[in-house]
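Visitor: According to TrEMBL, the record shows the following:
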- Cys594: active site, glycyl thioester intermediate (ACT_SITE)
- 195-263: domain 'Ubiquitin-activating enzyme E1 FCCH' (DOMAIN)
- 264-322: domain 'Ubiquitin-activating enzyme E1 four-helix bundle' (DOMAIN)
- 413-889: domain 'THIF-type NAD/FAD binding fold' (DOMAIN)
- 600-854: domain 'Ubiquitin-activating enzyme SCCH' (DOMAIN)
Amino acid sequence: MGINSENGMADNGDAVLDKNLYSRQIYALGESAMMHLRKASVLISGIGSVGVEVAKNLILGGIRQVTIHDTRDARWLDLSAQYYLKESDIGRNRAEASFEHLAELNDSVTCHLSMDPLNENFVKQFDLTVLTDAPLSMQLIVNDWTRKHNRHFIATDARGLFGIVFVDVGAEFKVNDLNGERCKELLIEHVDAETGDVTTLDNVMHGLEDGDYVTFSEVKGMTELNGIEPLKITIKKPNVFNIGKVVAKFSPYVEGGRFTQVKVPSIISHKSLKESLIEPDILMWDFAKFENPSQLHALWQALHSFEAKHKRSPMPRSNEDVGLLKVELPPGAELDENLLRIFSYQACGNLAPIASIVGGIAAQEAMKAVMHHMTPLKQFLYIDCIEALPGDWSPFDNNNLTANDCEMKNCRYDGQVAVFGRAYQEALLKQKYFIVGAGAIGCELLKNLAMMGVACGPDGKLKITDMDQIEISNLNRQFLFRRNDVGNKKSEVAVKAVKDFNLNIKIDALSERVGAETESIFTDDFFNDLNGVLNALDNVDARRYMDRRCIYYRLPLLDSGTMGTKGNTQVVYPHLTESYGSSVDPPEKDIPICTLKNFPNEIQHTIQWARDLFEGLFTTPAETANQFISDERGFLQRVDQMNTAQRLHMLSKVEEALIRERPHSPEDCIKWARMNFQEYFHNMIAQLLHMFPPDQVTEQGIKFWSGSKRCPHVLDFNPDEPEHFNFVWAASILRAHQYGITPIIDKKKFLAVLNEIHPPPFMPKSDVKIAVTEAEAKQEEKATADGKCDDVDEKLQSVMMNLAKLNKKTTKSLIPIDFEKDDDTNHHMEFITAASNLRADNYQITPADVMKTKQIAGRIIPALATTTAAVAGLVCIELYKMIGDGHQPPNVPLKVFK
């Protein structure tokens, strides 16, 4: 029996890549890898707690076709972690009950439903098969089928605080990029023809490893290196690598050049499941439990044998079943009796956080397999989080639990009670937590908390705040939102959605920012009523603020974050751990002022310059002019506190915006835009070359235009050049919006106006100073701050006279334009991309497309649903430990959180 949900296909049958929807994922994986995803078909069999998590993550990730398969009916045990099942679904096929919920996650993915037994002809249709909650005998059969037809295979499962992932991508699997990291690219200072050593400019660390490959460009003298096939390197020093004897017969190196790392495909070999059971390759999960993986390898096999023989799982707290499980251990297995007992006790356990971790990892492995991108897991991963079990420091000491304490009573929390006991479950129901952020991590946390039963009792309460509205780019990882939610408040939609997972959850939605300005809302009473705080934030300032609040109110804080495939969690526990603010990350390296203004050598430099130009043209002048219009006296009082040079700069900008360059028609806006092109991409470059000609030599006899300084050239405007036209087009529209003028958007009329504009020829200026070094740039800034500028008083008097004549009552306010990266209709990214690429053209820097420009200009953090799911699961494991303590100050040993 099968049901289909057809989505996301072009008329010719090719997969469509929606760059707005998948933008954060593209930044994490690359467009090529994403296109592999959009062509792949995956079978997910077993839609229990782990299966639904894998399916959710892969559908959000944009796999072209996903088939949901199951032959099992829902049980009460499923409800503690399978969020798309309700009590009314007990006895219904799990895949059938979940299908509609999964299919609506992503309308660009084709979903199918199957409830028939698996067979070879069915399995061979798919690029990858993921088996969850399946007997070992079935795993061995399906793995044989996938190997026979050169398909990929993943088996995964979770029981209590234990999880397993097995990956088999075949005997020969090509990986295009082993680590998924961005390729390194740096300027070089010297190439030694005798040794083959390459030294980076200014001794910058190259960040390469032995066996990496590089290619070269822009090398002078030793031009044979330019465009050479990728060369394998060995590392000599942090700033030196060796490319061998290939350069021995090349022309002598003169100067310049840059190297670019190149990713070369590698071949990975995996063994079958049958072979791996005998000779396993196991990835270490926790180095503090070095002996556990090999023991868990035996325990999982014993569990499958037990279930095959007894047609059930070992029961919670049954010592008899511990003995029966021990009988099923593989011959020669050496085991810690305590680990055996814990594993047996938890075999019926079903925990949402563990399913979230295991499902996130398994889904990421599935993506690697179909993308041929990043190194696949080799081959077993055994997850255990038994340190979350309350010890003798807890009122819920797990060692004292009885079979009666963990008895399953056909309740939605049976899977959790089987692990922690009923008293612990009652404590979860009473919890009161504040969640800050309803984005990707916030959505995953809400899902886990609802399944765990946190704040689902009459005395419990969750509160969540997020000031943001839902955007299209959120939908491929913030899984509580749908397209029809775009524009609505995240917190309100998230609260409504999570109530579908557990109707008993007590939760309030807020939409205020956390900060000093909202302490009248988040008061003493608000914080004193909490058991703790969960951060789901995307900026450091808000994290530091919440850290200070939690320290003040002595509240536990769980912080987390993700960046592409990387993630982190941090526990801040009063009287026990360090706070978030106790350690500080190294500051990001800023682009030197002189590099940004006059000597860019990377596309990042031109993009930042363009971003600053946007603010300088369309945001700051309008805000400053509006302050003058609305409160002239207050504005002038603030300006009077500045030195003379700063006053002149500030008031000149107001005069320019309101009088001297104020447009009165759309034609004025076009002229202004065209004159800005002339100024920034012709005149300023011509002035730079006037002061520092291409053949300029320093006092030391070194060419001025060498090393990191690239000699620029002027651009002559040509409306037939796309970036030339785009700059003037976008700038004129933004200028018109800034002044409330209707722009000319008919391109024929636009060009007619544009062609009548003829800027005056460039005339060199004699009073211009250009900072060549960072020290000079800072000295120049200091001189301005100290008011040391020529002819200031006379200019200031003229400006003040002009502003005094302005009629403030009739002068219309301006509209400041705040940069918004994700709206393709507002011309913001069109302007910044054009400005950046024009400046790149000035300096012979390789241009960037809109996607790359958007990431750098918008400081977008790459994001994946898989990472978010795993990190949120890890956070909730730490929450288990906190709730298991129940003391203030804490009794829980620090080692539990390590």
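Every residue, even glycine, has its Cβ placed from backbone N, Cα and C.
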Visitor: When the domain 'Ubiquitin-activating enzyme E1 FCCH' (195-263) is classified with DSSP, how many of its residues are helical, how many are strand and how many are coil?
Guide: 10 helix, 26 strand, 33 coil
Visitor: For the residue listed as 'active site, glycyl thioester intermediate', what residues in its own chain, 6 or more apart in sequence, show a Cβ-Cβ distance under 8 Å?
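Guide: Non-local contacts for the residue listed as 'active site, glycyl thioester intermediate': Ala771, Val772, Thr773, Glu774, Glu776, Ala777.
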Visitor: Restricting attention to the domain 'THIF-type NAD/FAD binding fold' (413-889), give the mean pLDDT.
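Guide: For the domain 'THIF-type NAD/FAD binding fold' (413-889), the model's average pLDDT rounds to 92.
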Visitor: Please report the three-state DSSP label of Cys594 (active site, glycyl thioester intermediate).
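Guide: Note: Cys594 (active site, glycyl thioester intermediate) is helical by DSSP.
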